[in-house]
Structures are given as C-alpha cells and as structure tokens.
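Asks: Following this message is one structure expressed as structure tokens.
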Amino acid sequence: MKKAREYVVAVVGASGAVGEEIFRVLEECKFPVKKIVPLASERSVGKEIEFARKKYNILETTHEIFAKEGVEIAFFSAGGAVSAAYAESAAKAGAVVIDNTSHFRMEKDIPLVVPEVNPQDIAQWRKKGIISNPNCSTIQMVHILAPLHKAFGIKRVDVSTYQAASGAGKRGMEELVMQMQAFFAFKLDEVEAQVFPHRLALNVIPHIDVFMPNDYTKEEMKMINETHKIMHTNFAVSATCVRVPILRSHSESISIQFEQEVSVERARAVLADAPSVVLYDDPARHRYPMPSFVSETDQTYVGRIRADNFDKHILHLWCVADQIRVGAATNAVRIAIKWAQMQD
Ligand code: A2P
C-alpha cells in the first residue's frame with residue numbers, strides 16, 4: 001500500500017497562543033508530519049516545545065531557515081509585521097504559507113479560506129504560495145451565514161461581537177488575568193492598560209484595532225470585507241466589535257435579513273446539518289451557547305434562533321466559538337488538510 005505523504009511543517013509564532021494551539025490541533029488530527037520546525041523571535045531561542053511526545057528546540061525566524069529546513073507547510077501566527085517580513089521567503093523556498101494575520105487577506109491573488117465555505121479557492125494558492133486565514137470573528141460568522149445564504153439568500157447582516165482577550169494573543173490574556181487579580185487585591189485602580197485601549201476587567205470596550213476614516217474600526221471593516229471575499233457575495237453587512245472580559249471564546253449576536261420569508265424551523269433544519277456547526281438551541285431548558293463550555297472545542301455553536309417581531313424576512317441568532325481554535329488554529333489546520341488532499 002502507498003505510504004501517505006508526510007510534510008515538514010513550520011510554525012512561525014511557536015511560543016504564542018495560536019502557535020501552541022496549532023501544534024495541539026495537528027497532533028489531535030494526526031496530520032501527516034515528517035518534521036516539526038518551531039520558529040519564533042530570537043527571545044525564544046533555546047526554549048522547547050513538545051509535539052507528539054518529542055521535544056523540539058525553538059529556532060529563530062530568518063529568511064534562510066525555510067529552505068534550510070526544507071519546510072513544505074509554514075503556518076504564520078506571529079503578527080502582521082512578521083508575515084510581511086518572512087512569508088514570501090517561505091513561499092520562495094517552496095512552502096505553502098498559511099497565514100493567520102490580516103497582512104495578505106485582501107490581496108487579489110491570495111485566497112482567503114474557510115474550508116467549510118470556499119475550499120475551492122485553495123487551488124489559487126500557487127499564484128503567490130500563500131493562503132490567508134480569515135479574521136477570527138469572520139470565520140465563526142461565515143460558518144453560520146454560508147449555509148443560510150445557500151438555502152434562502154441573504155440580503156443584509158447586522159452583527160455585534162463580544163470578543164475574548166485571546167484575540168490579542170497571550171499578552172492580552174495575561175493582562176486580563178492580572179487585572180482580575182488586582183481587583184481581588186483591591187488594587188484595580190492601580191493597573192494600567194497596555195494591550196487594550198482601556199482596562200478590560202469589569203468593563204467592555206467597543207474598540208478593537210484602529211479607527212478608520214469612516215468611524216468603523218479596522219476589525220469591523222475586516223468582518224465586512226472578508227465576509228464578501230470568502231462568500232463571493234456583496235450583501236450588506238454592518239458590524240460592531242466589542243472586547244469583553246472573557247479569556248478565549250468569541251460570541252456574536254447576528255441579525256439576518258433574507259431575500260424570502262424564513263421560519264425559525266427552516267433555519268434550524270439548515271444549521272443542524274451545517275459543517276462544523278452545532279445547533280444548541282433549547283431556551284426552555286436554558287440551553288444556548290456560552291464561552292464557558294464552548295472553549296477548547298472545534299465547532300461553532302448556534303442558538304437563540306428567533307423570528308423578528310416585525311419582519312418575517314429577519315431572524316436573530318447567537319453564536320459562540322473558541323477564538324484560538326475555530327477562529328485561528330483549527331481553521332488553519334483544516335486549510336492544510338484540504339491543501340494536502342489536493343497534492344495527492
Ligand atoms: P516570542 O515569544 O519569541 O516573542 P501571541 O500572539 O500569543 O502574543 O504570540 C506571538 C508570537 O509571535 C510569539 O511566538 C512570538 O515569539 C512571535 N514573534 C513575535 N515577534 C517575532 C519576530 N520578530 N520574529 C518571529 N516571531 C516573532
């Protein structure tokens with residue numbers, strides 16, 4: 001029997017929140033790994049990561065390392081500046097780059113992929129050697145929107161997000177924990193926000209990423225523009241993105257206006273069959289998705305599906321997904337799995 005092909009896999013940002021999760025997801029799904037190449041900044045050189053019960057030294061990210069190590073798949077999760085500096089070197093060395101940052105997402109010749117929605121776009125990877133992983137809030141939203149759009153046609157979407165600290169990486173999570181500790185030590189007034197624009201503990205912040213000239217934040221515009229690119233649509237989308245004092249799962253309240261009248265029952269039937277979606281909608285028994293039990297899972301949970309009181313074309317719903325997994329590491333590994341299937 002032909003032996004399955006195995007790949008040399010690099011993770012740039014190996015010491016970060018998403019990088020560490022990529023190793024876990026690769027291991028859990030038994031991705032065919034020949035060799036792991038963990039990369040980070042020079043600060044992490046000498047530290048180790050564990051993968052499949054073996055220890056690997058973290059190496060410094062350089063332009064030459066990808067060719068030197070024979071990297072075939074390079075996950076980038078070290079921020080936009082690092083992708084801008086090194087992703088093209090990895091691609092030139094022959095690797096497919098799966099980039100978690102926003103750096104290349106809207107570039108014409110770079111596919112932006114959620115495998116449950118637009119797997120066909122992966123085929124364009126050869127143009128630049130790079131596939132972009134979308135924004136975390138966008139991924140979980142299109143898990144819900146794509147099957148509903150296919151079934152009923154969407155005219156307009158209004159979304160408000162409740163985004164966890166993990167979206168700002170390990171430093172964001174540490175800042176929230178530190179602020180909560182300060183609260184219990186009666187020292188909350190003494191903490192200074194560094195990662196977030198204001199104190200996050202006991203607060204919500206309607207400001208993620210920078211403000212744009214149209215008064216939306218960049219995060220909000222990412223949700224709009226990326227949804228259009230992934231779904232190949234241009235229906236109206238409006239977003240309000242809010243940071244909440246939660247460690248690692250994003251929640252979203254979504255209102256959807258359809259081209260036709262859609263009942264709650266029909267929408268439920270579609271979502272019950274949607275890939276990577278769990279319908280968890282039994283309000284009478286207080287069952288609806290929450291970060292407390294959705295964290296560390298690989299599905300987008302949806303509930304609170306209800307009809308608008310005034311317009312039969314509109315439904316409202318609530319979805320929650322683990323930002324580090326569904327919104328980053330798991331989607332990236334799912335892209336790698338589809339890409340590898342195309343190479344066979
Ligand atoms: P390091 O730990 O060496 O700084 P997070 O998103 O959780 O904050 O993680 C960011 C990741 O990006 C870390 O692994 C970090 O490595 C890595 N990183 C930061 N700056 C660089 C850089 N200049 N080159 C390579 N990796 C970097």
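Glycine is treated like the rest: Cβ placed from N, Cα and C.
As annotated by TrEMBL, active site, acyl-thioester intermediate applies to Cys136. According to TrEMBL, the feature active site, proton acceptor maps to His250. TrEMBL lists Ser15, Gly16, Ala17, Val18, Arg43, Ser44, Ser166, Gly167, Gln323 with the feature NADP(+) binding site. Residues or ranges marked as phosphate binding site by TrEMBL: Arg105. Annotated substrate binding site per TrEMBL: Gln163, Arg243, in sequence order. Per TrEMBL, domain 'Semialdehyde dehydrogenase NAD-binding' is recorded for 8-125.
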Asks: Please check each of the recorded positions Ser15, Cys136, Arg243, Gln323 and report the ones with a CB atom less than 6 Å from an atom of ligand 1, ordered along the sequence.
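Replies: Close enough to ligand 1 are Ser15.
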Asks: Give me the DSSP three-state residue breakdown of the domain 'Semialdehyde dehydrogenase NAD-binding' (8-125), ordered helix, strand, coil.
Replies: 40 helix, 32 strand, 46 coil
Asks: Which of Arg105, Arg243, His250 (the recorded positions) has the most other Cβ atoms within 10 Å?
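Replies: That would be His250, with the most Cβ atoms nearby.
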Asks: Please find which two of Ser15, Gly16, Ala17, Val18, Arg43, Ser44, Ser166, Gly167, Gln323 have the most distant C-alpha atoms, given that the record lists them as binding NADP(+), and give only that distance in angstrom, rounded to a whole number.
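Replies: Spelled out: the longest distance between any two Cα atoms in Ser15, Gly16, Ala17, Val18, Arg43, Ser44, Ser166, Gly167, Gln323 is 26 Å.
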Asks: Looking at the binding-site residues Ser15, Ala17, Arg43, Arg105, which ones sit with their CA no more than 10 Å from the CA of Gln163 (substrate binding site)?
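Replies: The binding-site residues close to Gln163 (substrate binding site) (Cα within 10 Å) - there are none.
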Asks: Name the secondary structure element type, per DSSP in three states, that contains Gln163 (substrate binding site).
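Replies: Where Gln163 (substrate binding site) sits, the three-state DSSP reduction gives strand.
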Asks: Quick check: in three-state DSSP terms, what is Cys136 (active site, acyl-thioester intermediate)?
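Replies: Where Cys136 (active site, acyl-thioester intermediate) sits, the three-state DSSP reduction gives helix.
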Asks: How big is the Cα-to-Cα gap, in Å, between Gln323 (NADP(+) binding site) and Arg105 (phosphate binding site)?
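Replies: Distance between the two Cα atoms comes out at 18 Å.
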Asks: For Ala17 (NADP(+) binding site), which residues of its chain lie six or more apart in sequence with Cβ-Cβ distance below 8 Å?
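Replies: Same-chain residues close to Ala17 (NADP(+) binding site) (Cβ under 8 Å, separated by 6 or more) are Ser166, Gly169, Lys170, Met173, Ile324.
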Asks: Helix, strand or coil by DSSP: which one applies to Gln323 (NADP(+) binding site)?
Replies: coil
